[in-house]
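Listed in TrEMBL for this protein:
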{"type": "ACT_SITE", "residues": "LYS35", "note": "active site, proton acceptor"}
{"type": "ACT_SITE", "residues": "TYR289", "note": "active site, proton acceptor"}
{"type": "BINDING", "residues": "ARG164, MET337", "note": "substrate binding site"}
{"type": "DOMAIN", "residues": "268-394", "note": "domain 'Alanine racemase C-terminal'"}
{"type": "MOD_RES", "residues": "LYS35", "note": "N6-(pyridoxal phosphate)lysine"}
Amino acid sequence: MTRLVKAEISKKNLYHNINIIKEIVFPSKIIAMLKCNAYGHSLALIGNLIDDMVDIIAVSSIDEAILLKKNGIKSEIMLIQGIFDKDEIIIAYEYGFHIVFNNNQQIKWLQETKFKYFNYLSKIDINNTINDIKNDIKNSKTNINNYTDNAIKAWIKINTGMGRIGFELEEAEVIYNYLLSNLNIIKPIRIISHFACADDIYNELNQKQIILFENFIKNKNTEYSMANSAGIFNFPTSYYNFVRPGIALYGVSPIEGVRSNNLNLLPVMKLKSRIMSIQEREKGSSVGYMARYILNKQSRIATISCGYGDGYPITTTDGAPIIIRGKICKIVGRISMDMITVDIENCPEASVGDDVILWGDDNILVEDICSYTNDIVWNILTSIQTHRVSHSIVE
């Protein structure tokens, strides 16, 4: 990889954040959210770092789960959005992935699957693509004498107010009882829901959701999960058996207006690059596309090897900070696909080849960049392109 942009992943800070969350929610267990390439931090890298530190790792899709398996992950793996076609039931079944059932189509696929005829684990090459694995399943000859002792680890998701996926409460009772009766499902059936507004502690929907959730789980002898990152910090009564930290794992505040250091979280990703050019520009010169920025005096402009093609937000406005030689300098001009232009007045000693910190330093958190972008931190982090940005572990 020849691009100069790199994401340094702090093992120390990641472990710090996990331990802080564990202290807060004890004795609740941890489902670590590693969906969307571990929020841009590298799924395989983060998975290996936390493999023995959490109870379950959750991902969005079965290809992410397979990637974790390919990288030797031993932790329990959850498909937080469930399955997307019938064949995925068999793969999840054989590899012991937890399935979160959240809609009737998934239940229909479950009903149509004859589990006792499947034992493909010895036939599936985990190094194949997910489509190849599905084709192997379709083309394999079932053997009635080749049973498997596996069973599905099932969760049921209920809608308490998010209004996205999950069974409505009345229907959820029927589905829950069906799952209890299914001999291919490990008992008990765990129950999960999701906050819609947990980052706003004063929003009345939060307490309504907790009440609806507790009404549903009443007299059900199982385990429960509701709290996301914001719920962990704002709603202790929602911890139940499992919490599901996502953005907080990576040292980012899930609460608008609250910096991560106020929650005792440390940034896991430090996004860095280097100066590739420094030019003297005359007063009145324009900088960047659309001539958005006009220099009001003669200036030294450094060009940084990073752009929106790497995941740095194109919506970033003039004045956004970066760090060169420990000094804060300001971005000027529109973000290009591969480059960022910076006024280095505050760092006259800067030279070509100098390291640049784009975020992840104590003085520039990724949350700080949001105020210059009209964007959310979740989108900024998950936009980091792993085929252009190298990820490496630092202590």
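Glycine is no exception: its Cβ is also placed from the backbone N, Cα and C atoms.
Annotations in TrEMBL come from automatic prediction, not curation.
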>> For LYS35, ARG164, listed as recorded positions, tell me which one has the smallest number of other Cβ atoms within 10 Å.
In response: ARG164
> Per DSSP, what is the residue tally for the domain 'Alanine racemase C-terminal' (268-394) in helix, strand and coil?
Replying inline: 14 helix, 50 strand, 63 coil
> How many whole Å apart are the CA atoms of TYR289 (active site, proton acceptor) and MET337 (substrate binding site)?
Replying inline: 11
> Near the Cβ of TYR289 (active site, proton acceptor), how many other Cβ atoms are there if near means within 10 Å?
Replying inline: 12
> For MET337 (substrate binding site), which residues in the same chain are close in space, meaning a Cβ under 8 Å from its Cβ, but six or more apart along the sequence?
Replying inline: GLY307, TYR308, GLY309
> Averaged over the domain 'Alanine racemase C-terminal' (268-394), what pLDDT does the prediction give?
Replying inline: 97
